[in-house]
Amino acid sequence: MKDPNNISAYYNKSIREIKNTPPNKLPAPLVMAVGEDKESDDSPFDDDDDCINIFAPFAQKSANITEAWKTEIINYTKLDQAPVDVDILEWWKTLENSFKNLSRMAKDIFSICNFSAI
């Protein structure tokens, strides 16, 4: 079973593997989604066999999401370190407009109660 904390890493690795695989090695639906674009008529149908290209919108959305994450991470690394005595949840709340994805992830992580088993 995959570690749910690393789901983003697994997802990104899978997308990279698909994009780096030659089209002739991919299953047919993925070839249509990430392979060569014969025509750009914005039609969801393949002219050869009227097969619907259901993966194309997901491939584009995935690329956009990946770029958004990259941009956020690059901008985050340029920030000064948060003061040690700051309430980390409040600090991320002040940054949520600039770092939508990272702040949401930070809130999920830092809002977990700290307790230990006896």
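Just so you know, glycine gets a Cβ as well, placed from its N, Cα and C.
Note that the structure is a prediction, hence the values are computed from the model and not measured.
Taken straight from TrEMBL:
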| type | residues | note |
| --- | --- | --- |
| DOMAIN | 82-112 | domain 'HAT C-terminal dimerisation' |
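Secondary structure counts, DSSP: the domain 'HAT C-terminal dimerisation' (82-112) has 18 helix, 0 strand, 13 coil.
The average pLDDT computed over the domain 'HAT C-terminal dimerisation' (82-112) stands at 90.
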